[in-house]
Amino acid sequence: MTEDVQKHSVHTLVFRSLKRTHDMFVADHAKPVSLDETSHKVKMAAKLRADYSAVLHMPVLKEGKDRPLGSNMHGNQNSLQPGDDPEYLITGTHAYPSGPGLALTADTQIHRNPSKGGVQAMALALPPSQARLDASRTAAGVGDIHRHAGGAERSPAPHSHAMSLLEGGGTKNSSLVARKAPTMPKPQWHAPWKLFRVISGHLGWVRSIAVEPGNQWFVTGAGDRTIKIWDLASGKLKLSLTGHISTVRGVAVSTRSPYLFSCGEDKQVKCWDLEYNKVIRHYHGHLSAVYDLDLHPTIDVLVTCSRDATARVWDIRSKANVHTLSGHTNTVATVRCQAAEPQIITGSHDSTIRLWDLIAGKTRATLTNHKKSVRALALHPRQYTLASGSADNIKQWTFPDGNFIQNLSGHNAIINAMAVNSDGVLVSGADNGTIHLWDWRTGYNFQRIHAAVQPGSLDSESGIFACMFDHSESRLITAEADKTIKVYKEDDTATEESHPINWKPEILKRKRF
């Protein structure tokens, strides 16, 4: 026997075994398994209970059935009176429940629905209710979900008969309704912006901008360690302030006092008295370079953020460190304050945005949608919304919980700065010197600008580090890597006919998470 086995290879033996197995079961091949009646009943009862328990009390269907759906499960089918039409009986949850001083009688145990003819006559006689108008609309598109983002109205259903049945207690399968593909609503027309003035004077990269509340002058901080104050109307230098020993990364002008605040890579946060043009306070505490700062609009609080992965809340007058906001795992690049909750928002190189509870000094929400560093935040001046800029996308969010609205895709660069005005123009400035202008509501990119660098500078020195609208919102100021400040204005001569919106209502691809 051993000699016989050795005559054949293992390969041949395996295939012989396969053939024997196949011949054994070939008669049953592709035949369905016989249905077990008991198992089927258990399965259907479980499916009814799991999927249809909410509607088991509703009227039975018309397909010749003479009992409610759930009778085989509950075993409590109501006995029908002679002459009763089982089609219009409701069992289970009764319209007249029993209670203290109230007992069900033979007349009230079974609740009757009105006949179809009565329902239709009533529907035609009554004025259209809001519920009927709402029910007569098809399923919502993306534009309907984000109503503030604008969207085409849903189309009404073609026939009122189905709606009268719907109000009379019938059901309608929404999957049968033809849905329109979501399309971008038509964006608002905005005049194009053009370069109006180039201001030179700094000897290093210009890193930050702030406009004073009276809209007469603005402040810039730069890599040459100086803070310069410029006349907004003429662009002439009014004053230079020295005191930082490294790059000035953030400046802010108070609306509540004649103070200017600055921070830099020297870990220092300074308060300047503009009546005497000198430093009157220092805020000590950060362990590394301070990258940004912002003033609270309604209380005397200053918030700074740093490469030490924290943001700090300071009492302006007492210089006390009220809170150290810890939670980010990398450099906190930008911070914004607002009067409403959440009062502090930070963006970090750990690619998250955190919304902070100012009173408790703790994180209220963490937004983790970005995949790259978040270096810029912009709060809409009128809406309760926020935009965040990163190398992967610009994203829009709603407050107070940071619900995602939409992506603004197309600015494929490291975004350092963003600003938005009341007209709904969002500006994003990037490391490669490009500026994109967007319609806030729809996310439509209506203009792209790449201004020439200052003569004598390298083409690579065309980054945008900060941008800001003045308080009239008629001028856009940018701080750039070619050591200049550029001022842009809307083109007053432009019209919608001369600069039409190059927009096609194509199917949305940008509203992904």
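Just so it is clear, glycine is given a Cβ too, placed from its N, Cα and C backbone atoms.
Since we're looking at a predicted model, the values are computed, not measured.
The following features are taken from TrEMBL:
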REPEAT    199-240  repeat 'WD'
REPEAT    241-282  repeat 'WD'
REPEAT    283-324  repeat 'WD'
REPEAT    325-366  repeat 'WD'
REPEAT    408-448  repeat 'WD'
Would you mind splitting the repeat 'WD' (408-448) into helix, strand and coil residue counts from DSSP? 0 helix, 24 strand, 17 coil
Of the residues in the repeat 'WD' (283-324), how many are helix, strand and coil by DSSP? 0 helix, 22 strand, 20 coil
Helix, strand and coil residues within the repeat 'WD' (199-240) as assigned by DSSP: 0 helix, 24 strand, 18 coil
Averaged over the repeat 'WD' (325-366), the pLDDT of the predicted model comes to 95
